[in-house]
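So that you can see what the record holds, here are the features copied from TrEMBL:
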- A:Glu437: active site, proton acceptor (ACT_SITE)
- A:Thr154, A:Gly193: FAD binding site (BINDING)
- A:32-148: domain 'Acyl-coenzyme A oxidase N-terminal' (DOMAIN)
- A:290-452: domain 'Acyl-CoA oxidase C-alpha1' (DOMAIN)
- A:490-667: domain 'Acyl-CoA oxidase C-terminal' (DOMAIN)
Number of protein chains: 2
Amino acid sequence: MALLETSKHCQGSVLGSVNPDLGSERQTASFSVERLTALLDGGAEQTQIRRAVVEAIESDPVFSRENQYFQTQNERYEAAVRKAVHLQKKMHEMGWTENGPEYKYIYRALSGDVAFLLHRVFMRSISVLGSDRQIAKWIPLATQHKLIGSYAQTELGHGTYLQGLETTAVFDTAAQEFILNTPKISAMKWWPGDMGRSATHTVVFAQLYIHGKCYGIHPFIVQIRSLQDHSLCPGITAGDIGPKMNFEHTDNGYLMLKNVRVPRENMLSKFCEVRPDGTYVRQGSQQINYFTMTTVRISLISDEVLIPLKKACTIAIRYSVVRRQSKLKPGEQEVKILDYQTQQEKLLPQLAAAYAFHFTNEYLQELFDRGYREIQRKNFDMLPELHALSSGFKAVITQHCTAGVEICLRACGGHGYSLLSGLPSLYTKILASCIYEGENTILLLQTARFLIKCFMAASAGQPVPPSVTYLAAVKHGKCPAKNKLDFLSPDIYTEAYQHVAVRLTSSTATKLQDLIQSGVKKHDAWNQCTVQLVQAAKAHCHYIAVKNFAETVEKLETKAGIQKIMKHLCDLFALHGIFSNTGAFLHDGYTSAAQVDMVTAAYLDLLAVIRKDAVPLVDAFDFTDQSLNSALGSYDGQVYQRLYEWAQKSPTNQMSPAYERYLKPLLHNTLSKL
Amino acid sequence: MALLETSKHCQGSVLGSVNPDLGSERQTASFSVERLTALLDGGAEQTQIRRAVVEAIESDPVFSRENQYFQTQNERYEAAVRKAVHLQKKMHEMGWTENGPEYKYIYRALSGDVAFLLHRVFMRSISVLGSDRQIAKWIPLATQHKLIGSYAQTELGHGTYLQGLETTAVFDTAAQEFILNTPKISAMKWWPGDMGRSATHTVVFAQLYIHGKCYGIHPFIVQIRSLQDHSLCPGITAGDIGPKMNFEHTDNGYLMLKNVRVPRENMLSKFCEVRPDGTYVRQGSQQINYFTMTTVRISLISDEVLIPLKKACTIAIRYSVVRRQSKLKPGEQEVKILDYQTQQEKLLPQLAAAYAFHFTNEYLQELFDRGYREIQRKNFDMLPELHALSSGFKAVITQHCTAGVEICLRACGGHGYSLLSGLPSLYTKILASCIYEGENTILLLQTARFLIKCFMAASAGQPVPPSVTYLAAVKHGKCPAKNKLDFLSPDIYTEAYQHVAVRLTSSTATKLQDLIQSGVKKHDAWNQCTVQLVQAAKAHCHYIAVKNFAETVEKLETKAGIQKIMKHLCDLFALHGIFSNTGAFLHDGYTSAAQVDMVTAAYLDLLAVIRKDAVPLVDAFDFTDQSLNSALGSYDGQVYQRLYEWAQKSPTNQMSPAYERYLKPLLHNTLSKL
């Protein structure tokens, strides 16, 4: 059931014969890998389009990532710019357009290893925040790359709390210009991608002052580098912020402004305008803006979070059937490490989570499409719920997947630690997703605020959004499971998750009220509950993820073994969550200790079941060898050969001046062979 | 109570004035920082010696780590060799010797950033495994650096399971030589440090064959590079294994042997000898060998595991009182992020763990010194217990501290992600400690095997080693705590931890027996219990860590506020463990849900208490700015200034060919300013 011929998955000089220890795993798949791939892609046609894009990109040597692990930050940056420029040509050549069906697969096919991503954010911000006139002026220039844009919001001393930004834009009525300044070092723009070395323009967020009065944060288009020789414009100090844990290919930059003047027309003015006389006019609704933020959080889940986890699972699971270590039974051959219960317990829950969150992502996408349609009809009712879900799931999924990638890395022992395994860079990159686009703890607290509000409303009999109606229906029963098989019933475990989410929300709401009633000030009371509020928000998202997975499985076709294997994964995802967090389920006696033991037994049983299909389940993700870029995870499982051949190409195998300079003088006394 | 004048902590051009947000934290310390430092060092004299070593190393520019985050792997290797060679000179100059009191501080002062560490392992293995004659021949040569040694055990396809190593050494009676070979690719030696580029000799572990019979793994001294021109010796293929997640400064290598001949005298023969006629003689006891392995596991805890966590805590906590973000109360100044309960909940348990494991380490060191004395008297009774404790604690402490460093990194948001924060390299380095010197899961299972054995023995009324006598005394009571203050009593929480450890061991022992009685084969039954066995081993270590911390606090001097603050940290360490793992405590009803709520309340209260002393508690670790090498963690807290000045020096701020090659042609259509 292999998707592509083996030869396509090969890299370098390794022969294409599949390692029998890996090959045998594919013989016994209980389901059709090809059908599961199509399900994940959203249909066989999508699979076809995706593969065509991948084929076109990977067969073009300009897009090669072969030497990536050997390159310096400077080389990575240069390669990313080269690829970004070449991509324009490629798209033209292939007839791909930004609105075409291929577009969404390009980034995946490049593994995100390309420059000018912020150029797109620059364009999006103008489209969303700019007037029609501004759009008409700037978007064509940007589309034709007559400028390179960036997006400068975060400052050295200010991230999440936008109101705290310190950059100023003072309106000069006489000159009809804004004067932008960085009043102190903490106000320096810091982190904007593409700004360190590439961008000619950027959207700067600054506090708007008119006649000495502050009107809050507004966006301004500012040119930072000459279009002729790329030198910095007058008043501009800019550069690269230096080495990071990953994203070597991106020139994250800094920017200081000293009396930089831009014309009045450069303030993006769809929602707010400064008239020539300095009159400040607010127009239209900014709610759509709020919606944009939530869309970004959802859109990053697939490419930046799920794909890395899927890749890490592919690498670690393929490696774990090729690697043999120790004997289970004396006298027999050494055992595939995936046959150890402890190894299964590390990897298979990550695999289940990858599938669970894949379906969560589809659920969120649908919800957002619906929300978007409502908003276009000027109905903003769904916004608070969408914001709460996008915030909570951004945090929960990034956290879970980051931990998952780390587990995969560690489960591969020493070889997982080699950059050539691909796992370190997957980890160091996905880690950033816990921080950018809203720091996770802050996002979870936003979800919690929504939950508390809805819980109060529900308790008072008021209507609440669909995803939280369950908060109104507090049940005081007990979990009805009588044996371990009962815990393979989605109703049983979904109810248990629901019960925990309600309990954590209601008990924290009570604590909050008690504190306030005892005289603690509201903001202090909130702060004193935040650890528990975070727990409640996580429980809410976990519940929805489990419920959605179970409902998705219910609707799957029963053919080709798909529903059955997905049901196993859903059970594993749910039971693993209970097993790793038994306190939450035991706390009020909803689940008894005997039932927790049943969960443990059912969970451990499932590991052995899913282990049999582990390789086909990662094959279904359909990653090519090039996109995995891993000496451990290749389709043919020739791990040791690859590690060796690859290592030989490392720059660390070139002559080092250390010998002549230090080693030779040290050894100089010694004569010939000892 | 600052330890050194501020000026000593400065780096680069930043002025030495302390950020008032950091300075104010030091005004209110409830204890003497200097006395706590002395306690951690083991006395004020030790502190003095340590500081003198640090001063000597850091004032020598050859040992500078200033540009480390900008260097390539090749540059890091070269610098590490330079430092290793210079260190010989320095030691001579300073009068430091390997047996002197300064020696143990040198590695810490260098932050481990030096070559030839495996040269020392080479020497140690000869001292332990070699005959007197071999020691007399090789040790002087190694000491004078007439050769550079390495230690080649791990193979591409074989790590933990030594019996599985595939390299062969066949005895040739006629030539009185061993013929060493790498029979297939998985047998290639892989990972040995100093071997990729530096070493001239190595100790190779290989399966010994005499007259066609295999005698198992033995160590052989093999020359791999010419002492004259450093070229590879005949039959040797060797090189560097390429990029890793960290340890760029180390040339981890690979080695293939093709009919490489070494004289009979090169097999290390303290315990086993091959006589000229091929007779194999085993002599003496190998138990001391077994003890060496456990010593290595203990010795790495301090330098490789605790120091990184202490550094990470220092960086993250100092940053968290300088960084202000959002407002708790409208209208007020933005708040120090350490004032948020969620931030305290991230960082302070890591700080408590750093102290807890500091004292665990002292406990283990003492135990080992005692064990060593017994062994010298030919009493090997303590060995199984020492092995179980060293294995379990190596796993538990590396795992806990690695997670702790990651939490510190993430708690610093975007700036934590910059290499300049120092946190990414602390993380990527400490992570390796979970894998090397025994993979953690395997080690925990060894501890578990010991626990099960002792539990069985204890149940049968047989005597067991001191650390596990508690397994015999299974109590079926309930936790007597009546309110949250009761949980500040070490007896209460230590008993609870003990109860959990006993329960997990006994229930797993029961499961194991039941499986075997039901007809499951012994090795399968063991495998089916491993997930729970790991839990039992962790619970055992956690219990001992808590108990030891409480006992240590009990014995501390009450002067200068030391005992009081250590008591708070001990409470926090214990309660955090319960709070994060409530299921284990609730399971059999020993602790009630109401009591778990008391724990939560007491735990959250403690966070606010310890928060006040957080900065003095990290100051007491006494790291200089040079050793932290962090733009966030400096003693003066001038975070933003440092980040900016440091970033300007990055190679990414040099001209890139990307402009002329790609950007200029792309932008060529555009004329002057838009």
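The count begins at 1 with the first shown residue.
Backbone N, Cα and C atoms are what each Cβ position is placed from, and that goes for glycine too.
On its own chain, A:Glu437 (active site, proton acceptor) has A:Val296, A:Arg297, A:Leu300, A:Lys394 as residues at least 6 apart in sequence with a Cβ closer than 8 Å to its own Cβ. Residue counts for the domain 'Acyl-coenzyme A oxidase N-terminal' (A:32-148) by DSSP state, with H, G and I taken as helix and E and B as strand, are 84 helix, 0 strand, 33 coil.
Cβ neighbour count for A:Gly193 (FAD binding site) (all protein chains, 10 Å cutoff from its Cβ): 22. Long-range neighbours of A:Thr154 (FAD binding site) (same chain, six or more residues apart, CB within less than 8 Å of its CB): A:Lys189, A:Trp190, A:Trp191, A:Pro192.
In the predicted structure, the domain 'Acyl-coenzyme A oxidase N-terminal' (A:32-148) carries a mean pLDDT of 96.
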